Amino acid sequence: MELGNKTSVSEFLLLGFSEDPELKPLIFGLFLSMYLVTMLGNLLIILATISDSHLHMPMYFFLSNLSFVDICFTSTTIPKMLLNIQTQTKAITHAGCITQMCFFLVFVELDSFLLSVMAYDRFVAICHPLHYTVIMNSQLCGLLVLFFCELNQVVQFACSDTFLNDVVMYFALVLLATCPLAGILYTYSKILSSIRAISSAQGKYKAFSTCVSHLSVVSLFYCTGLGVYLSSAATHSSHSTSTASVMYTVVTPMLNPFIYSLRNNDVKRALKSLFGWKI
């Protein structure tokens, strides 16, 4: 008779951030506020892009798609978290956890690919400005767009040897996260070369200023995202991992609309027009 672990798992228990019941209303209010700000901010970016004809350009087309993905990305985890806090339950079914992970990973990769596509858009705009409208046509933009159970935490709960799972997980991480990041770094190396070739200081500043918002979002997304998996490899502390997870699942999508709107006069003008404010 073959011996082995035949235990079946029907649900997982989510640890949360604190066992103190007095902190739960504070945590609930904090995450509800962040979720509502995320939803409102990204919806305003989408509405502003649709309503203002001046924003009917590839750069803002990609930005509106990023905002939509961020809404979906955050909605895969936060509503379930808020429900668990409100009902004082920590359970999530096995099927629910797998479903959440699938959608979570899909939207993470969409975020990653959209950021690389936006880097390519900036590359064409700065390095090939005379051919920008020809290269970044509507057909190409459409083709480029078609592209909260943490996976590494779930793998650690397995009773069997997880070496192969870890190898597959980190290989997928390298393939799906590092490849777009490498493309972004290569694109910006070309952009910097083109900016250095500009003779006037004002021209250099104007060219670089169009990339600042995108660079800020890329840095925030990749630093926090990679930090989750690097920290989980170095330590088995669920608290430190969950804190890093919150950064790129909640904080990054919440800050993206502010980063793009506060530094962009076109978006600010579109938002003012959307609310009927005088410009």
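Numbering starts at 1 and runs along the chain as displayed.
Note: Cβ is positioned from N, Cα and C throughout, glycine not excepted.
Residues annotated as domain 'G-protein coupled receptors family 1 profile' in TrEMBL: 41-260.
Distant neighbours of the transmembrane segment (26-47): 16-18, 63-64, 67-68, 70-71, 74, 78-79, 81-82, 85-86, 250-251, 253-254, 256-258, 260-261, 267, 271, 274; these residues of the same chain sit at least 6 beyond its ends, with a Cβ under 8 Å from one of its Cβ atoms. The transmembrane segment annotation in TrEMBL covers 26-47 (among others).
Long-range contacts of the transmembrane segment (59-78) within the same chain, counting only residues at least 6 positions beyond its ends with a Cβ under 8 Å from a Cβ of the stretch, are 31, 34-35, 38-39, 41-43, 45-46, 49-50, 100, 103-104, 107-108, 110-111, 114-115, 117-118, 121-122, 125, 141, 144-145, 148, 249-250, 252-254, 256-257, 260, 266-267. Taken from TrEMBL, the feature transmembrane segment applies to 59-78 (among others).
Taken from TrEMBL, the feature transmembrane segment applies to 98-120 (among others).
Residues or ranges marked as transmembrane segment in TrEMBL: 132-155 (among others).
What TrEMBL lists as transmembrane segment is 167-186 (among others).
Per TrEMBL, transmembrane segment is recorded for 207-230 (among others).
Under the heading transmembrane segment, TrEMBL lists 242-262 (among others).
Long-range Cβ contacts of the transmembrane segment (98-120) within its own chain (Cβ-Cβ under 8 Å, at least 6 residues beyond either end) map to 59, 62-63, 65-66, 69-70, 72-73, 76-77, 80, 92, 144-145, 147-149, 151, 154, 176-177, 180-181, 183-184, 187-188, 214, 217-218, 221, 225, 249. With a threshold of 8 Å between CB atoms, the same-chain residues lying at least 6 positions outside the transmembrane segment (242-262) that come near it are 15, 17, 31, 34-35, 37-38, 41-42, 44-45, 63, 66-67, 70-71, 73-74, 77-78, 104, 148, 150, 213, 216-217, 220-221, 224-225, 227-228, 231, 268, 271.
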